[in-house]
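Here is what TrEMBL records for this protein:
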type	residues	note
DOMAIN	A:6-120	domain 'Tetrahydrofolate dehydrogenase/cyclohydrolase catalytic'
DOMAIN	A:139-276	domain 'Tetrahydrofolate dehydrogenase/cyclohydrolase NAD(P)-binding'
BINDING	A:G165, A:R166, A:S167	NADP(+) binding site
Number of protein chains: 2
Amino acid sequence: MEKQILDGRLVADSVKNSLKERVENLIKKGITPCLATILVGDDPSSETYVNMKGKACEKLGMKSIKIHLSKETSTEELLETIQKLNEDDTVHGILLQHPVPSQIDERKAFDAIDIRKDVDGVTSFGYGQTALGFGKFPSCTPAAIMKILDYYEIPIEGKHAVVIGRSPILGKPVSALLLNENATVTTCHSRTTNLAEIVKLADIVVAAVGKPNFIQGDWIKPGAVVLDAGYNKGNIGDVDYEACLVNSSAITPVPGGVGPVTISMLLKHTVDAAEESLKAN
Amino acid sequence: MEKQILDGRLVADSVKNSLKERVENLIKKGITPCLATILVGDDPSSETYVNMKGKACEKLGMKSIKIHLSKETSTEELLETIQKLNEDDTVHGILLQHPVPSQIDERKAFDAIDIRKDVDGVTSFGYGQTALGFGKFPSCTPAAIMKILDYYEIPIEGKHAVVIGRSPILGKPVSALLLNENATVTTCHSRTTNLAEIVKLADIVVAAVGKPNFIQGDWIKPGAVVLDAGYNKGNIGDVDYEACLVNSSAITPVPGGVGPVTISMLLKHTVDAAEESLKAN
């Protein structure tokens, strides 16, 4: 069977190229699209992610603001920080790096982000709009998965998509987006009793479970498309790549698959938000 | 196989009985739980529904306000009406009867309802909260389906639930609620290519498609539980009842199944909202 390796770097480059002119036009009009990232605590991989996002902004001529709060930060202090960024007209997108320390009410913090600046797609309001089909900023990894399918012209309508995982920023929104594109969608999770059998039905498999090499090769129906949204320690995906490659018709690698596209979607959402702010003024 | 007919009237009575004391306590404190219904236009079946809801309120000692707007009402006029009800402290729940005339932006009208008064579960904000697991007022028919499963002690965790339909107030939220109760959930719809095969996998079937007698008897796996959320003209469900009865272990009839429980959930949500308003003051 012919295989297609779904190269996320190509997709990300195409997204970023499409943003260049938009960023330039905004700058001409006196607006530099700006992403504010908030990091609470000293988790080294979170720091790496935040730095990557900041650099990606700058490379495109956008601005990034990094706010680093101590690991003792209270929910109230974090809410104040978010409120200030909500009110700051020069900030177009706000990203609160997940996870936050355990004393913080993460949901409350996410939901404090102004929906117009929720470029990372974490508010429950934004989730509702996305699931009902008119959200502006779906979570970035689900948006990246849809972008990859679109870029490689993989049909979705009428296909059976099986999503493994149901987190608020990954499994749930990607299920919703696939459903809105007319896939029949099954959402599986840790309590699913017959996972292998269900995955075997899938035309499109989305792994969003957070367990390294979890999806097995003999679960994949011949010809299925496999998208790996996992990012486990050591840059290992949720999919046993070599094994799943055998039956799949198309598959994303890790690294170089969903990850780079996720960051490009964050940039796109921030540019979208900056353009919207211009319209609003 | 032993059959269980899931009698919604018993479930509705149990819900309404549990509300009586709560309504009396609120009235003692000077608050009569009040549902405002808005009907736009002269659709006779919509009028019947609105009247039924009003009567159900009064029977329980609650108040109901009926607002009847002409079929020429504009979106702006409807939004003004909703805004007044949002600001009226004596109103605890607002229900905009669906469908509204075509000149009205229904989504805009739904989303104008204050989330604290969205007892019918129609706002996208409320949908997001429900899907993410902490919504106060899921849509009433999905809430009714969950209540029936709970009342008859039908296990959900680890079961495969297949929902046919994906509307914002039925298929989508019932899929979300079943997922949050740890079912593996497949959402099907008009573009699903192999519907019969998928329904045959289901331990729990929810029909929310709006087509009379659509679900066929030979689609039902022996022992499956069948819930019919359909309400088509002539009081006919979405499920071919006699045919589906054969293989099912439990099934809701139409009428007398999901319908009566839906109204009782609306009453419960209105009492919940009245209690919350008391706490807030």
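Every residue gets a Cβ built from N, Cα and C, even glycine.
TrEMBL labels come from automatic prediction, so no person has curated them.
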From the DSSP assignment alone, can you count helix, strand and coil residues within the domain 'Tetrahydrofolate dehydrogenase/cyclohydrolase NAD(P)-binding' (A:139-276)?
56 helix, 24 strand, 58 coil
Within its own chain, what residues at least 6 apart in sequence put their Cβ under 8 Å from the Cβ of A:S167 (NADP(+) binding site), listed in sequence order?
A:A208, A:G210
For A:G165 (NADP(+) binding site), just count the other CB atoms lying within 10 A of its CB, please.
23
Hey, what's the Cβ neighbour count for A:R166 (NADP(+) binding site) at 10 Å?
26
Taking each of A:G165, A:R166, A:S167 in turn, which of these binding-site residues have a Cβ less than 8 Å away from a Cβ in chain B?
A:R166
Around the NADP(+) site recorded as A:G165, A:R166, A:S167, what other same-chain residues have a C-beta within 8 angstroms of the site's C-beta center?
A:V163, A:I164, A:P168, A:L170, A:G171, A:K172, A:T187, A:H189, A:A208, A:V209
